[in-house]
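S.K.: Annotations for this protein, taken from Swiss-Prot, read as follows:
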- Thr2: N-acetylthreonine (MOD_RES)
- 22-25, 44-51, Asn60, Val93, Asp288, 295-298: FAD binding site (BINDING)
- Tyr32: phosphotyrosine (MOD_RES)
- Cys145-Cys148: disulfide bond (DISULFID)
- Ser166, His185, Arg191, Ile248, Tyr268, Arg295: NADP(+) binding site (BINDING)
Amino acid sequence: MTAPPVHDRAHHPVRDVIVIGSGPAGYTAALYAARAQLAPLVFEGTSFGGALMTTTDVENYPGFRNGITGPELMDEMREQALRFGADLRMEDVESVSLHGPLKSVVTADGQTHRARAVILAMGAAARYLQVPGEQELLGRGVSSCATCDGFFFRDQDIAVIGGGDSAMEEATFLTRFARSVTLVHRRDEFRASKIMLDRARNNDKIRFLTNHTVVAVDGDTTVTGLRVRDTNTGAETTLPVTGVFVAIGHEPRSGLVREAIDVDPDGYVLVQGRTTSTSLPGVFAAGDLVDRTYRQAVTAAGSGCAAAIDAERWLAEHAATGEADSTDALIGAQR
């Protein structure tokens, strides 16, 4: 049983749980917290729904045997969380203070909201090349997830951009579907581990194009080609591909909390053991903000469920001692 509600100076109720972020992790955390009668306040952000909002077809999410579009899946998750009483707001979070029994969250309109527990589910963003045509054709031939979209390029010629383990793994995986894969890298040396590089080099379907940078992605409604430039000669050529997979890494959206909680050298939030607990009591993290390995909708949803359960248990344990109900320990929001 959680502590009774109190109100802050601006008459906002102090919540049991605030969820920051949407997508599969955030919405699932909201659903489970709502069903546990925690009345979660969820800040989805103005760009809600996460990376799946740019995914045209999702065929590997359990329960949808005929597939579903990314936006449709997010809408279903969102509506399900609403059905059970989650308070969803399309507002961006400006700053947070996560120390002490009461956590504070400041939104872009300057309003301060407080809660006894916070679930972080801001996700991670794929790094992109920022060249003409790339963002315009995202989800229409340009992708950052071979596992998600590789199937749609069966018997087609595609390109993978990158030189690390992720690029080698994506290229190798895509040979299951594609007729050919051209791996484009700006140098002739690779950051990839030897075993991953050798695996790609020994695959007859993979062609290496080194010392080339991407100039633009061609196409009006779908990808029709990839323009590249030779870094030695400056000559430009166009690769006749219908798919472009960008594999130059991901950036966890942890900037909001990076100075407050423990993160790894790349900015992924660290959790304790098999839980979703972070280095701060009452603060939990889920989804791609934590997961640098799988980055799938179903795994993100699972960790969102775990975060809500962890938060519920933590609140129940601390309500008995009154630790989760102190209004004197609020540390002002850091701007």
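Cβ from N, Cα, C; glycine included.
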S.K.: For Ala25 (FAD binding site) and Tyr32 (phosphotyrosine), determine the Cα separation and express it in whole Å.
M.R.: 11
S.K.: Given the binding-site residues Ser22, His185, Ile248, which lie within 10 A of Cys145 (disulfide bond) by CA-CA distance?
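M.R.: So far as Cα distances go, none of the binding-site residues lies within 10 Å of Cys145 (disulfide bond).
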S.K.: State which of the following disulfide-bonded residues has the fewest other Cβ atoms within 10 Å around its Cβ: Cys145, Cys148.
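M.R.: Cys145, out of the disulfide-bonded residues Cys145, Cys148, has the fewest neighbouring Cβ atoms within 10 Å.
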S.K.: Taking every protein chain in this structure into account, which of the binding-site residues Thr46, Ser166 has the most other Cβ atoms within 10 Å of its Cβ?
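M.R.: Output for this query is Ser166.
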S.K.: Let me know the most crowded of the binding-site residues, choosing from Ala25, Ile248, Val298 and counting other Cβ atoms within 10 Å.
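M.R.: Counting Cβ neighbours within 10 Å, the top one is Ala25.
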S.K.: In angstrom units, rounded to an integer, how far apart are the Cα atoms of Cys148 (disulfide bond) and Asn60 (FAD binding site)?
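M.R.: That separation, Cα to Cα, works out to 8 Å.
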S.K.: Which one of these binding-site residues, Ser22, Asn60, has the sparsest Cβ neighbourhood, judged by other Cβ atoms within 10 angstroms?
M.R.: Asn60
S.K.: Cβ neighbours within 10 Å, counted over all protein chains: which one of the recorded positions Tyr32, Tyr268 has the most?
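M.R.: Selected residue: Tyr32.
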S.K.: Counting Cβ atoms within 10 Å across all protein chains shown, which of the binding-site residues His185, Arg191, Arg295 comes out on top?
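M.R.: Most Cβ neighbours within 10 Å: His185.
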S.K.: Reported as an integer number of Å, what is the Cα distance between Ser166 (NADP(+) binding site) and Arg295 (FAD binding site)?
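M.R.: Computed Cα spacing between Ser166 (NADP(+) binding site) and Arg295 (FAD binding site) is 12 Å.
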S.K.: List, in sequence order, the same-chain residues at least six positions removed whose CB sits under 8 Å from that of Gly49 (FAD binding site)?
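M.R.: Listed in sequence order: Ser22, Gly23, Gly70, Pro71, Met74, Asp75, Arg78.
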S.K.: Take the C-alpha atoms of Arg191 (NADP(+) binding site) and Arg295 (FAD binding site) and report the distance between them in angstrom, rounded.
M.R.: 21
